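Asker: So TrEMBL says this about it:
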type	residues	note
REGION	1-21	region 'Disordered'
DOMAIN	24-161	domain 'HTH marR-type'
REGION	170-190	region 'Disordered'
COMPBIAS	175-190	compositional bias 'Basic and acidic residues'
């Protein structure tokens, strides 16, 4: 009697199926861990925003940091990078402008497009927040080895680098840095 080999193209390889299931389990666990990290970050941004001004929301802090890092940038670019409704982003930008953290200017390429840049006051504030966050993270990473930290950093960098660039369409995109939401030329800040 002839039995079909496990390596037959008609039968799934048991080893590959197990590896695939194991990979799926790992990805699910990573998603769960990211959810906790995001929840921690959201609560921190909300707390810091409330310290600055009662009308400023946590999302406003995220917007300010992104303007600082990617600016000059358009509101459309911000909403696409953050995957948020443009009206929500625009309200936060208006509040940040009112508080003196964001400035606007027309794009040289198309004066209909408004570019957002962070003010020196925003830069100073974000630097203070980074120092506070660094203290919190130093406590959390206190018992990690340098090798563990390097491995985490490398993995996060690899993950973040694999993300597809957000492309902004229309005039805002043409006036954006590398046609992805920020103004052309120069290095990203932050």
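Note that Cβ sites are derived from N, Cα and C of the backbone, with glycine treated the same way.
In the displayed structure, how are the listed features positioned relative to their neighbours?
Answerer: Taken residue by residue, the domain 'HTH marR-type' (24-161) breaks down under DSSP into 100 helix, 11 strand, 27 coil.
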Asker: Which whole number is the mean pLDDT over the domain 'HTH marR-type' (24-161)?
Answerer: 91
